[in-house]
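As written in TrEMBL, here are the features:
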{"type": "DOMAIN", "residues": "179-266", "note": "domain 'PAS'"}
{"type": "DOMAIN", "residues": "313-359", "note": "domain 'PAS'"}
{"type": "COILED", "residues": "480-507", "note": "coiled coil"}
{"type": "DOMAIN", "residues": "507-807", "note": "domain 'Histidine kinase'"}
{"type": "REGION", "residues": "678-722", "note": "region 'Disordered'"}
{"type": "DOMAIN", "residues": "859-977", "note": "domain 'Response regulatory'"}
{"type": "MOD_RES", "residues": "Asp908", "note": "4-aspartylphosphate"}
Amino acid sequence: MEQFVWHTQSLQCLLHLSSGQCKVASRGLLEAIQSTGEEELCQMHVPEGLLPTFSQARYEELVRQLTSGQDRLISFSSYLRTWKSRPRPEESALTKQRAESSRNGALRVEVEMQLVYTDPAASPAHQGGTCGCGSARAALEVCSTSSIICPASSECLVLLHFWPCPDRTAQLEDQVRALQKQFEYTLDLIPTLVFIKDAQGRYLFANEALCQLYRKPKGEVVGRTVREIWGNTHPEALYRFFEEDDRKVLEDAHTTFYQDQCIKGEPNRYFRALQMPYKTITGEKALIGFYTDITELKRLLLEAQAAEAVLSEKQRLQLLVDNINVGALQIDRTGDPADPPVYPNPAMEGLIGYTQEEVPTLEVRDHLQLATDPYYVFDDTGVLDCNAAALEFLGYKSKMDVLGKSAKDFSPEYQPDGQRTAEKAKAKKALAKETKKVLRFEWLHKRANGVLTPTEVSIKSLNLEGKEVFISIWHDLTERKAAEAALRAAKEDAEAANQAKSQFLSNCSHEIRTPMNGVIGVAELLLDTPLSAEQRESVETIRSSGDLLLKLINDILDLSKIEAKNLQLEALTFGLREEVHQALALLDQGAREKSLALSLHVSEQVPNLVVGDPMRLRQILLNLLSNALKFTHAGGIHVEVRLAEGEGGAAGADGTSVEYGLEVGDAVRTLEECYLGDRSDGSDAQSARDAQKRVLNEQRQSSKRAGSVSRGPKPAETVPYLAGSGMTSTLVEFEVRDTGVGIAEEAWGCIFNAFMQADSSTSRRYGGTGLGLCICESLVQAMGGRIWLHSVVQTGSSFFFTVRLGVPAQDPVANGQLSATEGATAKSVSRVQSPLVELPDGHELDPQSTPESTVKGLHVLVAEDNRVNQMVATRILRSLGCTFAVVDNGRKAVAACMAGNYDVVLMDCHMPDMDGYQATQQIRIDECKQGRRHLIIALTASALEGDAQKCMKAGMDAFLSKPVRPNDVKVAIETHLKSLTAGKTDSPTSTLEL
């Protein structure tokens, strides 16, 4: 061993075990310490000598560890003493390097220490005996405790192996790199997102958790910003939030903390976020962030809150169950050990005779016997067990009458659905066995007395006492079936009553309109004859009274349709401006008689051609305008049409649209003046008027805010007559404003109710039934809008409503150009001495531009069974210059059309022998043989929904509801004859309701 150590170039030496004195040193060690000879080294103790920082006590402690077997090899760091003599030329470069790297005559080394033996064959063994080092070991007090026993022929020595440490700077750099790797490795192990960003928001460091969140490797995260990593996959607002948060930390040196920040993804994750200022090793500004994932914590918190809510609910239900007088049995299916598996309330304990503690000890069969519903346990062989309730249900006295029997023994051969009982029972059992779930279905059972009983059966497959069986519960459905039958009968009775009501209203309408046709028709004819002033006044009274009675009839019919939810809307393309003009034209005479100003303002933004129900729209306008005319005694009435807010409409956005005053008698007053008073000279008066005008405009704009009442739902995006058309729509707002008596604020809430008026004295003073506004509200809601009002007593009222109308793809008037037809109609209003003026785009209406009448000289057949109506019809035709013939039933009308040469047929729908519908169908069949076509116009006293469609379906060309006026007949004939002459339609089928 000594020879091996002596010849090696590595830094080694052998020491005596007890003294620590060097025995043999290697050549490499002698060169490293620059020793003059081995003798000099062998005289030196290694502890505190060759290794000046290695004490004797430390040496003895390490020897004890080696000799006791605790350690086989011990490493430690120390300094190796060197002799400062000039290196010889033949010294190796390694020796020179080591000498240069020494510090203060000592060389930094790593030392390895172990025990060796002079005789290799005498290595430590476990067979016992003593060694030559026994005295030394005894001196060190280790022989008695050592687990290493050496032969007596060997000597135990200590071998020291020295490893020079590298350059200090490089060592420190390596240490720094190692620490950095250890730091990064440690941060990669923690689940918290840890990152460092520079002043530009680029990642200088990102741990593994953050890279997993981004689903990218570190190489694609470090050096890039959040925006660059995510791209356009997240909203811009999120990027701006991160950038603003980084700016606060970097520029303002603020620490930001967010308790609960959600990062959306699959699934969403929640973090507790902390960012604070940070400086890099080079001193540059940066920030460090820590995002702790609290998703699981949040989930647990929500679960805890839910559990607390469940517990609270459970306690509340428990308190409720304990205090009711009905027996209740609570079965716990959650498996919660805190809850008893079966819990009877006090009422149930008294009912079954068992306490809460005794119930869980009962067997399943005991529970079945306690149940009040019929229970059966059965398998494929038949019934195995049942309770007393089951025997009572089937009508048997003993279980022996039931056990062993199958479902077919308690059921008829066929079930109500036509299936055989045996086959259906087999299929139900197979399904219950397959699904392992409770299966519920209806079944028809047969009791012992032969009575068939409808039953709801619940069946479940389970393992009972080691055997697969079925448990079935039956519920008697006799009472429920009886209730359902009674409900069906009540529904049928209600439908029949509703049908009877509709038929009754139809009959009432027919019976009332028939004499009304005579009253109003004769009055109209009388007015065309020479009369004295007194006679004319009497006839006017008759006509106006008839009109009021007719309006009342129409309102009642409309209300009945609304209550029966049978209100139907038509989808027709019409000119909106023309429709509003015509509604206002009907009030022309009434406004003149009361010297009221009547004006109209239509926004340029409102489309002209729209799709909707023009008749219902005119009905709403006429109701509101009639009320305004009725309750206004001075001033005027103004109608405003614009787009609703949110549809492009805005106050003051109408361009050239202005409002005109109208000359009425000797007074020239605008509607503004009706509100603000007469004009007067002087700047003070003018300023006052300007101020008042501003207040008035403000009131108009704020009519939808506090103080106004809004009725009806929010405007719907679609309405029935637009559904499925794919057409764009717009919400149009109408305003009818007057300077009338106004409505008290306390009456605003009930004014839209049926048969309600603002004041009980209103009906006595002004008349009316209180149905108009109720009908308006229902119509507005059906057309996808709402209605509301704003009113000041003794100042005036403003009624607003919106309707949703379709906008055709092509609107030739959208750019302010009216069609020829609408231009002609527009001029008809301005040529009459009327206070009505329509302002936008400067268009006027002229009634005198209509073509000359084509009615005169026509040969007309009147099919009417009522003599009064025959007289009215014939006098109307005579006044129009027509020749005519009269028949009193449909069969005669068919024969007359076959034999005669008639241009037009006025066909009453309800006649004896053959009604007007059958007669029209027969005439159309005969026309196919003759090659000619009659113009057939329906004359009917029915005015319910669907009457016009029924007439069109029968083959009629037009529809006139009684009472009929001369102008109604004239317009209907002219309209359809012009269509036939122009060739616009081969078979006119349009509807004209007047």
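Note: Cβ is positioned from N, Cα and C throughout, glycine not excepted.
Annotations in TrEMBL come from automatic prediction, not curation.
Within 10 Å of the C-beta of Asp908 (4-aspartylphosphate) we count 27 further C-beta atoms, all protein chains included. In the domain 'PAS' (179-266), the DSSP tally of helix, strand and coil residues is 42 helix, 18 strand, 28 coil.
For the domain 'PAS' (313-359), the model's pLDDT averages out at 69. In the domain 'Response regulatory' (859-977), the DSSP tally of helix, strand and coil residues is 58 helix, 25 strand, 36 coil.
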